[in-house]
Amino acid sequence: MAVEYSPQTVADLTAAFGQTGIVRPMRIGRYEAGRELTFDITGVAPARPARMRVRIERFVGGGYAGQVYRVKLLELDAPEGPISGLAVGDCYALKILLPPRASSARFRDALYAVGFQAPFSLQSNPAAARAGALWQTLIRRAARLKLGSERAVTEIHATFVDSALGSCGEISEWIDGRVWRFETDDHFGRRRHWKVGQPRDGFGSPEYLAKRQFMADVVDLLHEMGAPELARQYEWWTCKSQPNCLKRHDGGDDPAAGLTAVDFRAGLALLPFLPMSPADVWLIAKGIGRGSLVQFDRGNLTKLKGFIEAHHEHFSDMADVVAELETAERRYRDSQIDITHNFPRLAYSPRLWGTILAGAVDSWRIRNVIDEPTADVLHKNRFAAALFGLLGTLAPASLIAGLVVLVSCLFRWRITAAEGIAGVALVTVGPAVVRLLRALMGRADVRHHYGRIVTQGLYLRKAFRAHVYEALIGWHRAGRLDERHTERVKRHVWLYLIHRPLSVLPAGLHRFLTDGRYVLGVLHFILIRPVKLVLNADLRETWMREMLAEGLRRRIISDDEADQIDKHIPDPFVQKYLKALAVHVCTLPISQVVALIAAMIYSWSMGLHFWYDFWKVWGIALAFIATVQVVPISPGSLVRGLYVLYLVIRERNFKDYNIAVFLAFFKYIGYLAFPIQMANRYPVLSRFMAGHWATGAARMVPVFGEHGALLEHGVFDLFFNYSLTLRRRIRVRVKQRKALPQRHWHFVPIALAAGAIYAAISWVYVRQGFVPAQRHIWYATLVVPLIAGWVTARWAGGAPPARRVVLGAFTGLLAGLLAGGAYVFFLAHLQAGADQAVDMSTLVKPAVAATVWRLFTFGILATVGALICENIVPEPSPSASLAH
């Protein structure tokens, strides 16, 4: 269920905060659509001052590097001349270099502080923000030379400081484009043979390969210009750089036309001991080789000048940009301690320390840690500035000390009350006290605010109410409270004390525990809505159109493609597909329910009591549930497969289901059985549904699952394009097998052989005096049915693929039945060997449990073995394929 919030509710809370009359300003995390903002800006090339007024049209999103808005320029006052690229009435991208989420900002700032011993530069250092914009301007000019057009790099028009959010920012051209198109490719194996620099013809997925080539070209250009750390933004195997490159919608059908590098601002510092992607390991090694232990955005100005000199005719009008970049880079690098680069100078250069302290004061002022009068005092008194900075280091020191205390107690598995209180206080109270002391020292409005709190009871109530309004804005945006509950807490602020302890929980759980309507809505969404979708055709069409709207919002499809899909929704086959998809949604809980039942049966067979052995029973249940999540075929997928098989039999129509009837039995890929089936008849719809599912699945992975990242396309390829590739390969093999006679009877001797092998392995343990449980011969339980299913499918002659898989399942069921019988026989044998009368009543319980369990495991694993056999189809080499 998507998180939605009301901008009007946020606006009402903002207005309510203003009406409280407290003296401190409201803390703002991000802006809402419709708000008008005014900034004093400085153009990039040339560097002219101006004032602009913009209206926010929408919040685009944000990450560690900052938050992005689409804005419309309403007014521009440029007394010294026009700002290049800015025109009243046009739309632009406004980027403020502060993450929209406080947790992201804390993580980003912590990494940067470890690496450079300074606040995050792009947010709080105008020289750093300015240097980045100037670098990008020069890169854009170089793109004309190396990439064919300046449009291959986004143009930054101006930089500014946002005093409300406490961050530097920039305004740049708005790129109307997409990250990439999910392309249908039934020769998926060819792509891995393609190398950067080779021709792309014949390898499939032309837009995917064109983007990879373009990003490699950008990386090469940045290295040639002396900006290797900026190149990290476009390294393919960071697996999260792909959203930094967009394809303009006006680029046409040419997959390489309109590709644009849009973001050169790094979000996270790259520390030598903390690689965060596969490519980072190599990038760290290369950085160390250059003498850069910590990497972020450092460039080589000497190499840049050499590049410009070699192509001076293309940079003849850029002398002022280069000169300003040199000045900004020097001020930026000298404003940080940065031990890894400044270590020798730190020991002997008073000028460097003066620049560092001045940069720290400017950073505190921009981030609203101090006000203007305090900044003037600290600029004049370096000793006071140093003391203020040292005070700030006590917050992370307290946090680290508290974590050390708590972690050491965990390692000892013992914690005293004093240790617990001290650890929690150091983690929570210590940093808060340090921040409060710095705020009192640095800002007059904060001193006035807290002074009135301790002296005026009425003001204390106003301040508490204002604090609640600020918290409610964040909670409402995060989906913790809906409009109704937000309004209720706004009216009765004492309810904040109930919600505050719950705010440490995930947003969905917080709301689940406090909102009865939300609980009913979740239960309706999970239990009732799927049934309604099966029974109500109009509701299914509405569901499909909702998915189309979401696809348009995510830019998975274009407007024309959405219109084309919408026209096909009434088609009978699409209606059958939507109904089948609704049935698939209904079967989602089946695997978990069956796993719980199987766990209860197993616990009962082990003699465990539900209450006396509560944790053991639930441990077994969780293990069973985890198992059904990872196996390729589960009870739920079996039901889905049987439903598609039922459609085939009822309609006597195998042709329209020849792919879906096979793939539906798989656990995860089964959701794409019908999109793959429709690939020939409705290619756009098929690609959209696969892309919609892939983007939803990738979102569950933090960082790497963001929209447009490599994981998203990888999921699409794995579950859609690879399936199409298998379909093509299987069709070729089916044609080759038609000349062979079909064979069905062979599954019986194979099952007998599998059961005999399993019994023989069990007999080894019986001779030692006990009948082995599954945990003793888990290897045989895994390997024997897998091989039996594989051999059954392999020796089925000319039988079609679906029948081969069914024969494999029959082999597993029969072998499981024999294995269960052998288990009972061995139990009876041991009883008889102990001179005891065989009591059949004592054998019923273990016989049932052993047989059911072996039928379940052998049936699934033999089916998996048959599927593996059917899906191992070699792909011809690219050269051979292209030759044909």
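Any Cβ shown, glycine's included, is placed from N, Cα and C.
Residues annotated as transmembrane segment in TrEMBL: 383-407 (among others).
Residues annotated as transmembrane segment in TrEMBL: 413-437 (among others).
Taken from TrEMBL, the feature transmembrane segment applies to 581-605 (among others).
For the transmembrane segment (617-645), the list of distant contacts is 580, 583-584, 587-592, 594-596, 598-600, 602-603, 608, 610, 657, 660-661, 664-668, 670, 673, 860, 863-864, 867: same-chain residues at least six beyond its ends, Cβ to Cβ under 8 Å. As annotated by TrEMBL, transmembrane segment applies to 617-645 (among others).
Residues or ranges marked as transmembrane segment by TrEMBL: 657-676 (among others).
Marked as transmembrane segment by TrEMBL: 707-724 (among others).
Annotation source TrEMBL lists transmembrane segment at 745-765 (among others).
Residues 746-747, 750-751, 753-754, 757-758, 761-762, 765, 804-805, 807-809, 811-812, 815-816, 854, 857-859, 861-870 of the same chain lie 6 or more positions beyond the ends of the transmembrane segment (777-793) yet place their CB under 8 Å from a CB of it. For 777-793 (among others), the entry in TrEMBL reads transmembrane segment.
Non-local neighbours of the transmembrane segment (805-828) in the same chain are 662, 665, 744, 747-748, 750-752, 754-756, 758-759, 762-763, 766, 771, 784-785, 788-790, 792-793, 796, 799, 838, 843, 846-847, 850-863, 865-867, 869-870; each lies 6+ residues outside the stretch with a CB under 8 Å from one of its CB atoms. Annotation comment: TrEMBL describes 805-828 (among others) as transmembrane segment.
Annotation comment: TrEMBL describes 848-869 (among others) as transmembrane segment. Within the chain carrying the transmembrane segment (848-869), a Cβ under 8 angstroms from the stretch's Cβ atoms is held by residues 598, 601-602, 604-605, 631-634, 665-666, 754, 774, 781-782, 784-794, 804-805, 807-809, 811-813, 815-817, 819-821, 823-824, all 6 or more beyond its ends.
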